[in-house]
Amino acid sequence: MAALYGGVEGGGTRSKVLLLSEDGQILAEADGLSTNHWLIGTDQCVERINEMVDRAKQKAGVDPLVPLRSLGLSLSGGEQEDAVRLLIEELRHRFPNLSENYLITTDAAGSIATATPDGGIVLISGTGSNCRLINPDGSESGCGGWGHMMGDEGSAYWIAHQAVKIVFDSIDNLEAAPHDIGHVKQAMFDYFQVPDRLGILTHLYRDFDKCKFAGFCQKIAEGAHQGDPLSRYIFRKAGEMLGRHVVAVLPEIDPVLFQGELGLPILCVGSVWKSWELLKEGFLLALTLGREQQAQNSFSSFTLMKLRHSSALGGASLGARHIGYHLPMDYSINAIAFYSYTF
């Protein structure tokens, strides 16, 4: 029987499995719950992975007792070597018919492997933010990703927090706002359904919900699209912070990544990128300044991309490559370029 190759996208909320034939065709897919082993524990993680792969095998008309040739898992927390080793041991021990070979990588590595063959940057701006560089040799480095207490600069949470902070500081006469706060202040009271600043404290402390708080970013985006100067200013600063994340990893980039026809590939993940036009000015400013300060002349262009397929596809590709097989991939279908720039 022809070999099958599997890939897993392991999300904190939802997960996906894809099964591919030797010629790179997607034969079956299956969705499931979170497979973040930090959140649910190793036991439940491996059980969910096995259950999803079994369902996908059945959809593909394959006997679940026939193991895959390889299974590449793109998981959050996939850089922790001890945890990865434990996961693979558990998968082999408890589910010997699941797969012959395993590779566990980070969610960033799976994402970039879906979009490009050689690596690049994954720049995440959703509820939180993170920047990961994956070089052609598979080595990784990064900037950010430490959560809202330590940063998450340029994320939805950060944008919401900046907006609230500017309003509070302006009313307190602690720091003058760069623009009139009227629109943002009213949007803040409306979103959190409170009459004054004291009401906001409940949402900041006793009933703090990071996702709910970050959701205020959407109202700032609406204000920016309506032309509110303060809302536009906050998004411009967010773009600058995201650009600075890229600048931070420039010294670690293999020069090969600058030389492709796309220039430096930057894969953009997360809902804040829907507001690219609002981020653009600050993003370009940060990259232009950073490039000049580091004298990075080889960094002459970049392309921003979004995924059209699950990072399980990249996971499958990396898993196959790990055992010496190159799955055919059509990268032009897997990701779409939405902005290119040459310095």
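Glycine too: its Cβ is placed from the backbone N, Cα and C atoms.
According to Swiss-Prot, the N-acetylalanine annotation covers Ala2, on the basis of similarity to another entry. Around the Cβ of Ala2 (N-acetylalanine), the number of neighbouring Cβ atoms within 10 Å comes to 9.
Other C-beta atoms found within 10 angstroms of the C-beta of Ser271 (ATP binding site) number 15, with every protein chain shown included. Sequence annotations record features per position, and here Swiss-Prot assigns ATP binding site to Thr13, Thr127, Ala214, Ser271, Ser275.
A coil conformation is recorded for Asp152 (N-acetyl-D-glucosamine binding site) in the three-state DSSP classification, outside any helix or strand. In sequence order, Thr127, Gly128, Ser129, Gly144, Trp146, Trp158 are the residues near Asp152 (N-acetyl-D-glucosamine binding site), counting only same-chain partners six or more apart with C-beta under 8 A. If you look up Swiss-Prot, you'll see Asn36, Asp107, Ser129, Asn130, Gly145, Trp146, Gly147, Asp152 marked as N-acetyl-D-glucosamine binding site, on the strength of similarity to another entry.
Counting only same-chain residues six or more apart in sequence, the Cβ atoms lying under 8 angstroms from the Cβ of Ser76 (phosphoserine) belong to Gly10, Gly11, Gly12, Asn36, Trp38, Thr106, Asp107. The DSSP secondary structure for Ser76 (phosphoserine) is coil. Annotated phosphoserine per Swiss-Prot: Ser76, in sequence order, evidence recorded as a large-scale study or a structure entry.
Within 10 Å of the Cβ of Tyr205 (phosphotyrosine) there are 8 other Cβ atoms, across all protein chains. Per Swiss-Prot, phosphotyrosine is recorded for Tyr205.
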So Ser275 (ATP binding site), by the Cβ count within 10 Å over all chains shown, scores 22
To the nearest Å, how far is the Cα of Ala2 (N-acetylalanine) from the Cα of Thr13 (ATP binding site)? 33
Cβ neighbours within 10 Å, counted over all protein chains: which one of the binding-site residues Asn36, Thr127, Asn130, Trp146 has the most? Asn130
Greatest CA-CA distance (Å) over the residues Asn36, Asp107, Ser129, Asn130, Gly145, Trp146, Gly147, Asp152 that the record ties to N-acetyl-D-glucosamine? 20
In Å, how large is the greatest distance between any two Cα atoms among Thr13, Thr127, Ala214, Ser271, Ser275, the listed binders of ATP? 23
Reduced DSSP assignment, Trp146 (N-acetyl-D-glucosamine binding site): coil
Could you give the Cα-Cα distance between Thr13 (ATP binding site) and Gly147 (N-acetyl-D-glucosamine binding site), in whole Å? 17
